[in-house]
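For reference, Swiss-Prot has these:
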- 201: active site (ACT_SITE)
- 200, 204: Zn(2+) binding site (BINDING)
- 236-263: disulfide bond (DISULFID)
- 1-18: signal peptide (SIGNAL)
């Protein structure tokens, strides 16, 4: 089962002239797979550890997480309309990641950019073959792929950090983040062209779940300071309270909801701690 929107509008076709047509408004859709039982179990273990550290008051200075980014532009042709991003679009996306994650001591450095014209890969066909050909670096390096369209009409998807990611394994090869090229800053995806799809998916890559994970019952996204949420948000519904029996309004400004890019603002302190816990456990 995939984390994805149940209500996805059809995208407007891009003209063959190379002009970047504005895509029709739609609901955010994330294609990241549900976390495995192992991953949820580890989230619970880390949550307990984080709570003990907070209770003890034994808070030590932590190092900044420095992430090398290998940016893979995968296009259907050598036009922006077909996914061939400019250098500025690439660096602007990295700048968004740095701005959004800086308060949480995570920094991104563009280690390299490559461009590939392959119609099938640009439309998310044969993911493993594409990544086997393009992937670079180690398990702590972020491989970020931009493509023209993704499976199930998602705007992006990512792979959670996990055990067993030995060099050359399928887990290692497929690791990374894929986003629609139209979602980078200056892209054509209406409502989602400020680069925040990248932030959302990198959040998954660092171990975070959707804020609406689990709905109004149970332990939800396994982070104690994100209010319970019955379902994903759409747009920027100020004051939404989909779990009235639980404390707090829906976290519509949280990067791990499905709000419009202009609505996104934050990660919580609990998500901040979880990012660092998962990094230390699996990627450091």
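A Cβ is built for glycine as well, from the same backbone N, Cα and C atoms used for every other residue.
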Counting other Cβ atoms within 10 Å of each residue's Cβ, which of the binding-site residues 200, 204 comes out lowest?
204
Could you check which of the recorded positions 200, 201, 204 is the closest Cα neighbour of residue 236 (disulfide bond)?
200
If you count other C-beta atoms within 10 angstroms, which of the disulfide-bonded residues 236, 263 is the most crowded?
263
Specify the nearest of the recorded positions 200, 201, 204 to residue 263 (disulfide bond), where nearness means the distance between Cα atoms.
200
DSSP three-state call for residue 200 (Zn(2+) binding site): helix, strand or coil?
helix
